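The structure appears right after this line, and notes come after that.
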């Protein structure tokens, strides 16, 4: 970075100084000027830029072949050695002082400069290549025209035998791990003898000790990586071999952005004069931004589907397997009983996302604060080489509620709201009504999500539900028209309207839940149940509250929303699904895994399935109905709750967005 330093010259003896190429030097021509001197001129050898700064409103620039400047405090002499000069180590600057006649020389001051080229450089253009001598390395800006280097949080585990994640380790165990790091190059050119009297010092702020780690690469036959900054190291004195001009460092992020950490970290470099109590004669710095954790919406292509195998879900597991492997043609990972310990709610335990830098991207699983019997699965079975892990644990005194399960965490597809573009979508979190004192996602998880910035979260009202998850009343599905997606919303009104139409057609005695060992109310029974209708009127109001929020915060219109016929019932003051909830589905490209609703059979077909197909098939989607009644529905969950999907990242680079 360009700096200025002042050098005081003397007419009684030559002045010697060390300067860094590109640094502007102010020559103090006044401190030792001879008595009776009224003007001066200044000349330099090749390789030197000399600039005279003055106030044109008070002085005029001298004219003629021998330019002499008045000794006036309005005049300032600035010298800058050129990086391109072949004579950088033999620069001379001569200042001559003159009397009243402008010809009589009263004194001469000589400045001898020994120049050193020092630069700390990073990938400011975000193309995976370090930019040498960039002038934009000391700041960070967003957008396609922005600049600034990016750090990955090194939160995977490349050494499968290690007990720790890589960001907990102060060693680089494998060369493959280097892609998790960003390069930083220190360039030093100049006479080796200078470094007997000067030292180079890298340092970071105390607040960044747990945010960034820096390793120095020592090449040669015994190539190794030395941990030099971060964890417990604030400073590092750079040892430079004779003739060594380029020193390579590898930098890692240790933690994602969060409360009190914007994601920006600064690494500083000082050239210090050891003879003057370590006085810095030159400083340089680089700024990185730690890459955020990014969620993936249903509209992105599925890569891998996760599901649990528990004692009573064999039918569900078989039908999901058929959907995933035969229809959607995705990878299927079954979490066995030894890993799930009877916990089937794999959606609630974790959320898949990814992190990204110019040189690399890898998936990262966010482990929820829920910590059910599946709590060890993400860390022990998913964390590994190029698969990261992150979690946020609440303060023990605060109880974790059902809203901390990640069925209560969704993300929209890309949207535009009043001209503001959200190219990575917006995170959606279920919460309580404002100032209601109800359940909310724990603060540490919410704070983490808000701190990522690139998917500005929206809080919805989900506390009216017994389980309290947003996936119980909404989801997104892809479409080839309009915005490229539709929002599906649970709709008791749509269900009552459907049942009324079927009654008018003479099928009021058609019953629910045929083939199941449970009570089987008819359409007439449901329509006559005033208490059920009153409850669903309230639930519809709760959904409509969210409908308005979603339209406003995601820039949606009614044409972007599809109402799915659903009924709820009141249990302990909260809503449970009356029949398997078709909104709580899994999206695998054009294939949807939908909870089989066991609706009234009309002319050999379930009227609820028929309604779902008629709403979604025009969008190019295929519905596969999965029986989850005994295995999930009676346990207050559906297909989405029992599955989890890892998806491909967005094609857009997050640093090209503008939060």
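Placement of Cβ uses the backbone N, Cα and C atoms for every residue, glycine included.
Caution: TrEMBL annotation is automatic and unverified by curators.
Taking DSSP states H, G and I as helix and E and B as strand, the domain 'Protein-arginine deiminase (PAD) N-terminal' (1-114) has 0 helix, 54 strand, 60 coil. Under the heading domain 'Protein-arginine deiminase (PAD) N-terminal', TrEMBL lists 1-114.
Marked as domain 'Protein-arginine deiminase (PAD) central' by TrEMBL: 116-272.
The annotation domain 'Protein-arginine deiminase C-terminal' is assigned in TrEMBL to 281-656.
As annotated by TrEMBL, active site applies to 348 (among others). If you draw a 10 Å sphere around the CB of residue 348 (active site), it holds 26 other CB atoms from the protein chains shown.
Sequence annotations record features per position, and here TrEMBL assigns active site to 469 (among others). In the shown protein chains, 26 other C-beta atoms lie within 10 A of the C-beta of residue 469 (active site).
Residues or ranges marked as active site by TrEMBL: 471 (among others). For residue 471 (active site), the same-chain residues 6+ apart in sequence whose C-beta sits under 8 angstroms from its C-beta are 347, 407, 408, 410, 583, 584, 640, 641.
Here TrEMBL flags 641 (among others) as active site. Just so you know, the Cβ of residue 641 (active site) picks up 27 other Cβ atoms within 10 Å once every protein chain is counted.
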Any idea what the model's mean pLDDT is for the domain 'Protein-arginine deiminase (PAD) N-terminal' (1-114)?
84
